[in-house]
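Asks: Pulled the feature table from Swiss-Prot, pasting it below:
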TRANSMEM  3-23  transmembrane segment
TRANSMEM  41-61  transmembrane segment
TRANSMEM  76-96  transmembrane segment
BINDING   Gly81, Thr84  Na(+) binding site
TRANSMEM  103-123  transmembrane segment
Amino acid sequence: MNAVVWWQSLLLVMLGGAFGSGLRFVIGSCLLQRFGAGFPWGTLAVNLIGSFVAGFLLIWLDKRGSAGWSWRMLLIVGLIGGLTTFSSLMMECLVFVRSDRSLMVGLYLCITLLFGLLFVFLGARLGAFVCDDQRVLEIDRTA
């Protein structure tokens, strides 16, 4: 990767990351105000939304070939990277353990991982539908 492309990638990721982080703050604040602090609804919501959108964008942008490269930097690496948060997920698990709510750790992780996988696949299926490509998630039975 040459220097110009590297700097362009960095700027696109930073721009998308700024918007994604801001969006995470807004969603988290709204859900905290609505549902309170008993469960990390904001982190769960942004991680599931991010999973769905990432699945969709991965398929949709892949169909654009090299033309989708800059959009991938901006939207997937930047926006979705800024929106979703693994560190908050882990920190909230630690808070559950320290507040004698250890059972919530398992529930929270299971919900996040299982629904995250479901949402990324649903997003990919929607991307395949929009791109009219039914081969996206098919299993190659010849291998």
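Yeah, the Cβs are placed from backbone N, Cα and C, and that goes for glycine too.
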Asks: Using a 10 Å cut-off on CB atoms, tell me which of the binding-site residues Gly81, Thr84 is the least crowded.
Replies: Gly81
Asks: Quick one: do the transmembrane segment (103-123) and the transmembrane segment (41-61) reach 3+ CB pairs under 8 Å, ignoring pairs fewer than 6 apart in sequence?
Replies: yes
Asks: In the three-state scheme derived from DSSP, which category covers Thr84 (Na(+) binding site)?
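Replies: Coil, per DSSP.
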